[in-house]
Amino acid sequence: MIFDKEDYKAFDPELWNAIDAEAERQQNNIELIASENVVSKAVMAAQGTLLTNKYAEGYPGKRYYGGTAVIDVVETLAIERAKKLFGAKFANVQPHSGSQANAAVYMSLIQPGDTVMGMDLSAGGHLTHGAPVSFSGKTYNFVSYNVDKESELLDYDAILAQAKEVRPKLIVAGASAYSRIIDFAKFREIADAVGAYLMVDMAHIAGLVASGHHPSPVPYAHVTTTTTHKTLRGPRGGLILTDDEDIAKKLNSAVFPGLQGGPLEHVIAAKAVALKEALDPAFKEYGENVIKNAAAMADVFNQHPDFRVISGGTNNHLFLVDVTKVVENGKVAQNVLEEVNITLNKNSIPYEQLSPFKTSGIRVGSPAITSRGMGEAESRQIAEWMVEALENHDKPEVLERIRGDVKVLTDAFPLY
């Protein structure tokens, strides 16, 4: 590195003090936000390189600026590793985020005003799957599909019937808060039945797909998008995969020049590192442990009747819990748990009755604690603390004791 930490602190103490404070917070908190993780030092090192200095509009071998021969090597490494990891023929590693990756797919495959089907936000979908406040809902005619009200699982027969009724040009599968395995083969059958494209947003489960613990959407989807953080444990960014050469050309044009200018090559370098890490056999064990830890926490909540785990459990890295029999709403639960240094987010549940600013539920995820080396025993203990804190949210002495117990645990599992 060009400067060391002391150089930074001397130049900008206000900023570095904030960074130090965040480092302390991450070390001393149990992180259960399902979309967050702990990246490796190698990922951070790559993202902090002088690659940030270089403009490289275009793609490897087809740049608009000179001096990009080395940049081409970096980006090609990321592309080839993504293709190998997910078994895809084409990969675009330039999207700055998952949202921009999704926007590029929409721009490539459909026109403004076209009908699209996506998962309802309260059922577990994502803002970019048609939420009215998102560009997706404002630009396209999104029709939401839901989960079954009783089982809280995807009902593929109902989705097929709905697709036959609305005749979408595109069907979006994937979720940000759905705890069960998604049957991508079924979704492809539905898409084929109505002549629609199928796009899968696997942002949340990409790491589990990579580790072999969730079926891959790549053989079934016309296009697959993902983020490179979350369970994939890389830098914040996006990635697009396809096996169709014609679609790949459209996607490349949609990303650049359609949506973005120069790619963030320092971030792409960090993506390459994360993809290499995911190709390592050790990553399979990580994916297995992520699922075991989530299941262990869900099992604890299932043993306490005042908490209701949505759909009864989990097969991936997250689950939702209805907390309204214990506290007023999910926002209150989030705040109570933050008092004991357990961080998660309030979350809508299927057929939500409260506003998204309050919600009936919380979302619990295991990727970050698993990256710190915590296992099923620690996961169960964390869930027990959560239950105890929420049931005793009006007892400061209980919260103080739990906060101390959390500190002992986080000290035993250093962030780095």
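All positions are counted from 1 along the displayed chain.
Glycine is treated like the rest: Cβ placed from N, Cα and C.
Annotated features in Swiss-Prot:
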- Leu121, Gly125, His126, Leu127, Ser355, Pro356, Phe357: (6S)-5,6,7,8-tetrahydrofolate binding site (BINDING)
- Lys230: N6-(pyridoxal phosphate)lysine (MOD_RES)
- His229: site 'Plays an important role in substrate specificity' (SITE)
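Features as recorded by Swiss-Prot, highlighted on the structure.
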{"residue": "Leu121", "record": "(6S)-5,6,7,8-tetrahydrofolate binding site", "DSSP class": "helix"}
{"residue": "His126", "record": "(6S)-5,6,7,8-tetrahydrofolate binding site", "DSSP class": "coil"}
{"residue": "His229", "record": "site 'Plays an important role in substrate specificity'", "DSSP class": "coil"}
{"residue": "Ser355", "record": "(6S)-5,6,7,8-tetrahydrofolate binding site", "DSSP class": "coil"}
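Annotation for Phe357 ((6S)-5,6,7,8-tetrahydrofolate binding site): same-chain Cβ neighbours under 8 Å, separated by at least 6 residues, are Lys331. Under a cutoff of 8 A between CB atoms, and with a sequence separation of 6+ in the same chain, the neighbours of Pro356 ((6S)-5,6,7,8-tetrahydrofolate binding site) are Leu121, Ser348. Neighbour counts were taken as the number of other C-beta atoms within 10 angstroms of each residue's C-beta; across the binding-site residues Leu121, Leu127, the minimum falls on Leu127.
Within 10 Å of the C-beta of His126 ((6S)-5,6,7,8-tetrahydrofolate binding site) there are 23 other C-beta atoms, taking all protein chains into account. Cα separation, Gly125 ((6S)-5,6,7,8-tetrahydrofolate binding site) to the residue listed as 'N6-(pyridoxal phosphate)lysine', rounded: 16 Å. Counting only the Cα atoms, the space from Lys230 (N6-(pyridoxal phosphate)lysine) to His126 ((6S)-5,6,7,8-tetrahydrofolate binding site) is about 14 angstrom.
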